[in-house]
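Colleague: My questions will all concern the structure given below.
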């Protein structure tokens, strides 16, 4: 502990695995290893395929590359502490290291939300204005959107570590998960955390909250356009291009909203439920997204098969 008058700051926090199942952590690590391996290999394959296939050099797949990079970052942020805890019982994480991990987890989560919004906008333009799509979403426009996504996440969350560092902590150092999460750290403080709560809620509402609202609005407009198409085949073909993205949106937003609600309002929620929702939020989307796009995207699947055939040849 660092002591300075009435100001207390822990030198480290203690991470928690899955409450009540500590004896089974080595066995529980097996599905986590599978998920992390799928996330790392799957997203690397998506990036490799898009880079090596000129026909995939278009906005939809540029945004998919951004999603894959974000998912890789999320997996790499939580992998060392999660597997370290499950394999070796390494619960301790330094105060500064915890704030750094928390900052990058939240940045990458906000970036993923923004990328999903950009992908929704791409689908809306492609279906509603197919002839103007290449002119609206040029390479330079896609690059600017990517830079805006990165800046939005890094700048909006920059005050969070400093707001946590100014707090005084009063003895409790046990986190709820095997990674650092802003509400989790904040709730360990014995100082007034109204500023942290207010700023966290404002940032969440004006980033992830707005992204979700605009994604829903995009799909309302897409459905309007699809219903105006003349034949059933055209409707199904248009909607089929959105299936992968809809799955990615649901897989990301449902556990994220659930975890945010539990940390802020779910005082009576069992710790096991809290842990399961948190792990679902940070491990399932990075592992499932490349699988979803590999299965549902014909172009990705064909490019992957061509690459495999070339290697065998």
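Each Cβ is built from the backbone N, Cα and C atoms, and glycine gets one as well.
As annotated by TrEMBL, domain 'G-protein coupled receptors family 1 profile' applies to 42-293. According to TrEMBL, the feature transmembrane segment maps to 24-50, 62-90, 102-121, 142-164, 197-222, 243-263, 275-295.
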Colleague: Per the 3+ Cβ pairs under 8 Å rule, pairs at least 6 apart in sequence, do the transmembrane segment (102-121) and the transmembrane segment (24-50) touch?
Modeller: no
Colleague: Please report, as numbers and ranges, the same-chain residues at least 6 past the borders of the transmembrane segment (62-90) whose CB is under 8 Å from any CB of it.
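Modeller: Sequence-distant neighbours of the transmembrane segment (62-90): 15, 17, 25-26, 28-29, 32-33, 36, 39-40, 43-44, 46-47, 50-51, 101, 104-105, 108-109, 111-112, 115-116, 118-119, 122, 139, 142, 146, 149, 178-179, 248, 282-283, 285-287, 289-290, 293, 300.
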Colleague: Hey, which bits of the same chain come close to the transmembrane segment (24-50), Cβ under 8 Å, at least six residues off its ends?
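Modeller: Contacts of the transmembrane segment (24-50) (Cβ under 8 Å, skipping residues fewer than 6 from its ends): 17-18, 56-57, 61-62, 64-65, 68-69, 71-72, 74-76, 79, 82-83, 85-87, 89, 279, 283-284, 286-287, 289-291, 293-294, 300, 303-304, 307.
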Colleague: Over the domain 'G-protein coupled receptors family 1 profile' (42-293), what does the predicted model average in pLDDT?
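Modeller: It averages 90.
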